[in-house]
């Protein structure tokens with residue numbers, strides 16, 4: 001039994017620490033995922049599930065960093081989401097928390113692409129599983145629990161069985177997050193919902209909502225530039 005546990009532990013370490021340079025040929029899965037997301041509407045829609053989870057996790061993470069409490073989150077039927085944090089109703093912490101959702105998918109997407117292209121896909125997936133476990137506990141609806149579980153199962157399967165395609169697929173997921181970030185920014189820019197984050201920020205700060213939209217645009221553009229440079233250097 002001890003030998004079995006030792007072998008399992010060594011296998012886990014090998015999966016996390018297998019940091020090697022990426023063969024440019026492994027980029028094909030990433031490009032295939034990107035094309036599917038761009039060309040096939042159902043894939044793009046369901047990709048927004050992951051974008052929504054990351055968006056709400058962005059609110060939660062920044063909220064925790066500025067001293068707020070993360071009470072939970074839900075993913076709605078239309079795949080929009082809502083995270084609940086508790087703390088002061090105004091002030092820099094509330095502003096930072098409200099701002100963090102929309103740039104989160106772009107920032108994480110770019111980071112995932114860069115790490116995957118440098119052979120860190122296994123570590124990215126393992127960290128993702130840990131974060132998904134936390135989000136599962138904080139899910140506040142049956143739909144949210146099922147969606148987080150689905151993403152966790154797919155993440156775990158890719159980590160365990162991804163093999164030589166793991167780096168490329170993870171890079172493709174990062175690209176899908178980046179596409180989803182732009183889609184979300186477009187949607188919020190044309191939305192008239194007064195509860196949207198940029199209008200909440202305008203109410204909190206008296207800075208026009210358009211300024212907050214512009215700040216998210218700049219973050220998305222910077223993240224896209226990082227990815228383009230990473231792909232160019234590899235090719």
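Note that Cβ sites are derived from N, Cα and C of the backbone, with glycine treated the same way.
Given the structure is predicted, the values throughout are model-derived calculations rather than measurements.
When TrEMBL is compared with the stretches 68-86, 87-105, 144-162, the one noted as transmembrane segment is 144-162. TrEMBL lists transmembrane segment for one of the ranges 26-43, 44-61, namely 26-43.
Sequence-distant contacts of the transmembrane segment (26-43) (same chain, at least 6 residues past either end, Cβ-Cβ under 8 Å): 113, 116, 164-165, 167-169, 171-176, 179-180, 231, 234-235.
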